[in-house]
Number of protein chains: 2
Amino acid sequence: MADKSVLEKAKKIFENFLARQGSRKTPERFSVIDELYGLPQDEHIDVEGLFLLMRNKGYTISRATIYNTLDLLVECGLAVKHQFKDKVALYEQALTYKHHDHHVCNQCRKIREFSDERINLIKEAMGEEFQSGITSHSLVLYGDCQIENCENLSLL
Amino acid sequence: MADKSVLEKAKKIFENFLARQGSRKTPERFSVIDELYGLPQDEHIDVEGLFLLMRNKGYTISRATIYNTLDLLVECGLAVKHQFKDKVALYEQALTYKHHDHHVCNQCRKIREFSDERINLIKEAMGEEFQSGITSHSLVLYGDCQIENCENLSLL
DNA sequence: TTACATGCAAACCCTTTGCAATCGT
DNA sequence: ACGATTGCAAAGGGTTTGCATGTAA
């Protein structure tokens, strides 16, 4: 879970972002940021998960609003959206985000993060080769992890 | 478009694969391989595209059969399935496939292929770190390409 | 006050599934 | 002939959209 100052900082950024484009500061929008940043820093959650989590906590919020808000958070850099091989999109907080990539277990779907500088060398080289301003990338390694009972778990 | 011997080889592999698991050699299955391998070697096509292409050529084939057959082709290594940021899955022939990764333009969605050995170093390092047998990976670079009128094209 | 945001449910889109008809073997 | 495969259309599942209601400014 992100410490308090991170959450506060995120809210500030969000406020500025909303103000800049003349969007409203609704309680729903801030509740989403509260809950996303209330998760462990490296947790990946999908819309349905966030919806259930929030409903269970007593919020009255709709899926549609969560979708909308997450889009906004991605837009202003406060959330990152991932699409692994599964059909649901997963989100994670992005404020204290150091770019990292992911390893996903073929069986249990457990997600682990890593960071390897060499990806940047590839991006530089290809940006040049393709005369393209590379804006982002997605790197996912799939493998069979060694976790006990891996094949019987479904951690996603 | 793959040269004739490649197509023949692919069909042989497919025949053996089907025989090995006691599946039938239906004309539909072979028509899918014909058409997939009739495309330029690096072309990415989705199910709907293949369906329309084949219908226009006079085949009577259903989407369901195309989905089924592509699954089989992926299973026996004759096709590769890609899921970029878009929601449709794209397929390409895989017989003459040297593993490569992709650059996708943020605007025009044009796909270009590249190969950079450094990805293997990353896979080795992470396989060790995570005690995981890495079986595959997906690397996609997103950028703004310099193609004339890029923003007005929709090449996907 | 008034336009934007919300909640709900219906619509969407790609993919999967169920089933009767067909066709390899 | 038998059972796998096909085509079709309906169902599924995640996401998006339309619209009446609510609400920030």
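Residue 1 is the first one shown; counting continues down the chain.
In case you wondered, yes, glycine gets a Cβ from its N, Cα and C as well.
Copied from TrEMBL, the annotated features are:
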| type | residues | note |
| --- | --- | --- |
| BINDING | B:His99, B:Asp101, B:His137 | Fe cation binding site |
| BINDING | B:Cys105, B:Cys108, B:Cys145, B:Cys150 | Zn(2+) binding site |
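Among the binding-site residues B:Cys108, B:Cys145, B:Cys150, not one has a Cα within 10 Å of the Cα of B:His99 (Fe cation binding site). A Cα-Cα distance of 20 Å separates B:Cys105 (Zn(2+) binding site) from B:His137 (Fe cation binding site). Taking CA atoms as the reference points, B:Cys145 (Zn(2+) binding site) and B:Asp101 (Fe cation binding site) are 16 Å apart. Under a cutoff of 8 A between CB atoms, and with a sequence separation of 6+ in the same chain, the neighbours of B:Cys150 (Zn(2+) binding site) are B:Cys105, B:Gln107, B:Cys108, B:Lys110, B:Asp144.
Note on the binding-site residues B:His99, B:His137: the fewest other CB atoms within 10 A surround the CB of B:His99. Around the Cβ of B:Cys145 (Zn(2+) binding site), the number of neighbouring Cβ atoms within 10 Å comes to 20. Filtering of the binding-site residues B:Cys105, B:Cys108, B:Cys150 by Cβ separation from chain A (threshold: under 8 Å) yields B:Cys105, ordered along the sequence. Around B:Asp101 (Fe cation binding site), the same-chain residues at least 6 positions away in sequence with a Cβ under 8 Å from its Cβ are B:Glu113, B:Phe114, B:Ser115, B:Asp116, B:Ile119, B:Ser138, B:Leu139, B:Val140, B:Leu141.
Cβ neighbour counts within 10 Å, taken over all protein chains shown, single out B:Cys105 as the most crowded of the binding-site residues B:Cys105, B:Cys108. In the three-state DSSP scheme, B:Cys150 (Zn(2+) binding site) is classed as helix.
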